[in-house]
Every structure is written in structure tokens, then in C-alpha cells.
Amino acid sequence: MPDKQKQLRVISLFEHMTSINTPLPRDQIDARLHHLGRLPQGELFSCFHEEDLEEATELYKILYTAKDFDEVINLAKQSRTFVNEGLFVYAVSVALLHRDDCKGIVVPAIQEIFPDRFVPTETINLAVKEAANHPDQDISVHVVETGNILDEEYKLAYFKEDVGTNAHHWHWHIVYPATWDPAFMGRMKDRKGELFYYMHQQMCARYDCERLSNGMRRMIPFSNFDEKLEGYSAHLTSLVSGLPYAFRPDGLCLHDLKDIDLKEMFRWRERILDAIDSGYYIDNEGHQVKLDIVDGINVLGALIESSFETKNKLYYGSLHNWGHVMMARLQDPDHRFNENPGVMSDTSTSLRDPIFYRYHRFIDNIFQKYIATLPHYTPEDLTCPGVHVVNVTVNAKVPNVVTTFMKEAELELSYGIDFGSDHSVKVLYRHLDHEPFTYNISVENSSGGAKDVTMRIFLGPKYDELGNRLQPEQQRTLNIELDKFKATLDPGKNVVTRDHRNSTVTVEQSVPVKKLREEGGVAGEYCSCGWPEHMLIPKGNHRGMDFELFVIVTDYAQDAVNGHGENAECVDAVSYCGAKDQKYPDKKPMGFPFDRVIEGLTFEEFLTVSMSCTDVRIKYTDIK
């Protein structure tokens, strides 16, 4: 079957998911699907909730093992009529992304499938009215602002509510499902636990950089399960349930749920910390297994999330996942009022809530306790023999000054919402963006021949919220990765130039459904997992916020991974998302060299000849 026909059939699967379905008679439903439908339609699905995730896993395994593409589509069409809407989209997306006969097929962007998860209720209500008043024409409405200056977090709405960042979080959890069974699926998810740690750690670092950009103090991590939480209102209404995502008033605390109680959360945290302090964990058979320096953080990632690969779920529990569920349900913990949960229940909405970042910094601090037990890097560990980084500059309109600004974009609503006509209904909104820039890295190679190296680029704030110079260890967990790539150095002097658009952290904007319909997919492989390109760097401020650009060069011969091909699929954003069906393409720990505690009190003590630290400024302007 031609790819265009396949693409059109996939598009039809997800269209108007917010509309009511007409159930099929049971005798017309494949027997493999008869046990599904336990989570009713109209409820909010959560991939953090064990029962929801269990049913979703059953469905994606059925679809994944279907004999051919036609059977996948037929099974999906049948299941759509009675399976929960959110669960359906999650499970079908996982199956399609991983089937060999779906290569080149693009799953429609989650923001077009469920625009109600990204667009405020007030804006959708306005769009509905405009479409009803003008049924014979295309409609465009501007997004309605839902916050105000009484809430300090409103300054960060451009970051927390960004369509691309929230879609990234949803897509990452589709690429890395917590229940992924490598033996059953026949595909590896290499270093999945470490990726869970690193991707979320980087989101927290980026959030703190945005706070500093807006003159705010760095976040205060969530610290105990009895503390009172800040309030939050998402101004989102689920069109599947007809109910708003729950509002959280100031001062509420977490409560026991029917599925889990707070005492278990305390126990799980203490058991994980005990494993870190003792240097070993207890596996399913009760054996003590050492947390080794190579795989320790990967093991901890699986324990904390927890994923299928957790070593002892009964003992170490599911600290991360149940934390999300508890945060989402604290305003109606026993479900007596039949309210929707809050946005923390869903991967496509949770980034909007400030507690997401505080809770993930709490999770990250557990990882940091483990990192503190690892040996520090020596100067030899941070030196690439024969390679000297002479100078690094950022080439923008003004050297070493990158300008950011707000840019208008649009989101189509009519694919996800049935407005009763064939006309387009769009929301116009603004997102952060930045001017194009390149890195110019001057390097001397005295090794005596051509040398393959890995270039690693990071950005970190220079000062804290009080204007104090950050020490290397303070800055370490605030550094954000910008790029990581292979380069070949000729003997002598070299200048390596790298365009920011080639970053291995980011992906371009998702392909609109309209374009998919017209072109039948995209040329080559588009994997969608990655941080949005327009959010690569923080906002900065009007004066020009001081950052430091770190570049370290390492020996590619020591970094290269056996079994990872140069032509691997889905490598456009390997730093956060890995490579499809292959080993993670870098032997170094994720975040190297900032994955270990830094001893030196000054950067002069930390830097080696193979590293560079350059002052750069990020300047925000109201005019593009």
C-alpha cells in the first residue's frame, strides 16, 4: 500500500476524538479486544495510573502484534468505538511509532488531536461561537490570556504553557512507555532509566533558567509529603469529559488515595535512599545487587519512575508515577465529588503546573544524592589528548549576544473538534523564539593526525537571583545541553562551525495534519521526539542576561558505541530521546561532564585545555 494511503488511514483514526462514538455490537468486535473498555469513555486517562496504563499496554501490544497494517487499522477502528479516548490515542500512538510497516507514517500531533489540552477554555469557547456565527468561512481567534500579575508564575506562562514543550513531554512518554517490555516487543530502549532522569533534569534546569530570566528566585523543591502546596488553575476543560481540569486552591496537602497512601510514598523514598547510601539495591529475589558506576543511574531511573524494568517494584514502589496521581487528585482524593483530576495526571498538560517542576526537582535531588557518591572527574578525565580549545564565539547579529522575542503561530482546532463545517478554525498564539546563530569553535589538534572528536555544548546562568557569581557546583545542575555532535579535526588549527538548527536536542515544529493530508507524510524519518527548536535557549532579559557557554571536546574513539550505525533512524534529537531501536549513541554518561559533583570553587580549577567557557548574553526584545 502506498505511504500516502497509509498516512490518510492513520489520520482518520484520530479525527474528532472529542466527539461521541457509536459503539459496535459485541459480535462485530474482534475477540482480542473483548476484555478492554475497563476505563470508561469520558474519563481522563493517565499513563501515571497503574490500572489505566495496564489497559493501554494490553491494547498497544495487540496492535503491535497484528499481522499487517490493514489489521492494525481494523483493530484500532473497532477499539475506538468503546475504548477510553485518551487511552486509545496513547496506545495506538505507541503501536504505530514502533511497527516496521509504519515507517514514514506520522502520528498526528497531540495538540491537533486534543487541542483542549493546550488551548484555554475561554479561547475554545470563543472559537465555537465564531464558527457558529460564520459557518461558511475560515475562522481565526487569538488566544485569551487567563492569568494576571497577582500570580508571579504568570511571568512564566510562555514557558509552562508552550504548545511545543508540552507536546514534547507527551511524545517522550510515547517513545518511552513505562511498561515497555523489550522481550515482548523485540526492541531495545537502551539506558531508558537514565534518559528518564536526564530529560526531566534538563526540563527543571530550563525552568530555573527561565525563572532567573524573569527576575525570580530559583524554585524551592518539593521536600515532604505533608507540605502545603501552592494553588494553580489551568483554565483547561476536557471536551472528552465535559469537565474542567481541577483547580487547586492554595494550602492543600496530599492525601491518601484508595489506590495508595502517603505512608507508602514515605517508605518508597526511604528505601530508595537506603539503596543509594548502602550502594546496593534489593532485587526481586531478595539479593543485594551493587549499584555500579556504569549502570547505577539507569537502575535508579527504572526504580524511581517506576518502569517495567524496575528491579523490585513490590519493594521500591512507584514514587514518580503515584506522585503525579496524588498531585492531580489532592482536591478530591476519594472522588466523592466526581471531579476531573488536575493537569498533573497527563503528560501533555502537567508542564503547565508549577508543582511539576518542584516535584521533579525533588525526584532529581534523589538522583543527585547518588551522583554525590560517585568519584569526581580528574583533569585527565576531562582532557582530550592533543586537543586544545582555543576560543569559542557565538555568531549572531551581535557577536556573543543572542536576541529572543515572541513570535506568532497558529494551531488548527477543526481536526480535534467537530465544528459542524469543513472550514478551518485556528487559534493564533505567541511563543518564544530566537534569532539564528552559529557556534564558531577554534581548536588546535596536535595529535599528529586527523582526529575524530565529540563536541559538547552547554549553557548556564552566570549569576544567581541576588546577583552573586554561581560557583561551578551550584551552576552544574542549572546547565542546559544545547548540542552534541561528531567533528573531524585536521592536524593543526581548525575552526568548527555549527548551526543551532542542527542541535541534537531539538526538533522542528510538528507537521500539521493539513500538510500530512496533502503530501501523504514527510520525506525521510520524522520521529517528533525532542525539545522544540524555538525553545532551545532561555528568554533572557531586556538588559541582556549573562550566561556562560561551555564547550568540551572528547575523544570520539572513546565515545563511540558498538552497534550504533551512522545511519540510525530518529537521531534528530538523540540527547533527550536516544536513537530508535539502537543503543544510546554515546558511551559517556548523559550530561557529561556535569553528571558528577565539581570540587573546584572556581572555574579555573575545573577547566582543562580541552574545555572552554565563554561569556554570552541573551537579550529579550519586544520587537522581532
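Counting starts with 1 at the first residue shown.
Glycine too: its Cβ is placed from the backbone N, Cα and C atoms.
Feature annotation from Swiss-Prot assigns Cu cation 1 binding site to His169, His173, His200; the stated evidence is a curator's inference. There are 20 other CB atoms within 10 A of the CB of His173 (Cu cation 1 binding site), with all protein chains counted.
Around His320 (Cu cation 2 binding site), a 10 Å sphere centred on its CB holds 23 further CB atoms from the protein chains shown. According to Swiss-Prot, the feature Cu cation 2 binding site maps to His320, His324, His360.
Secondary structure from DSSP puts Asn445 (N-linked glycosylation site) in a beta strand. Taking a C-beta cut-off of under 8 Å and a sequence gap of six or more, Asn445 (N-linked glycosylation site) has these contacts in its own chain: Gly386, Val387, Lys451, Leu489, Asp490, Pro491, Gly492, Asn494. Feature annotation from Swiss-Prot assigns N-linked glycosylation site to Asn445; the stated evidence is a curator's inference.
For Cys577 (disulfide bond), the count of additional Cβ atoms within 10 Å of its Cβ stands at 26 [all protein chains shown]. Annotation source Swiss-Prot lists disulfide bond at Cys529-Cys577, citing similarity to another entry.
Comparing His360 (Cu cation 2 binding site) with Cys529 (disulfide bond), their Cα atoms are 20 Å apart once rounded. Same-chain residues that are not part of His320, His324, His360 yet have a Cβ within 8 Å of the Cβ center of the Cu cation 2 site turn out to be Phe48, His200, Asn321, Gly323, Phe356, Tyr359, Ile363.
Cβ neighbour density within 10 Å is lowest for His360 among the binding-site residues His324, His360. Each of the binding-site residues His169, His200 was scored by the other Cβ atoms within 10 Å of its Cβ; the lowest score goes to His169. Nearest Cα neighbour of His169 (Cu cation 1 binding site) among the listed recorded positions (His320, His324, Cys529, Cys577): Cys529. Other than the site residues His169, His173, His200, same-chain residues with C-beta atoms no more than 8 angstroms from the centre of those residues' C-beta atoms, the Cu cation 1 site, are His168, Trp170, Trp172, Met199, Met203, Thr347, Ser350.
DSSP assigns Cys529 (disulfide bond) to coil, not to a helix or a strand.
Residue pair His324 (Cu cation 2 binding site) / Cys529 (disulfide bond) shows a Cα separation of 22 Å.
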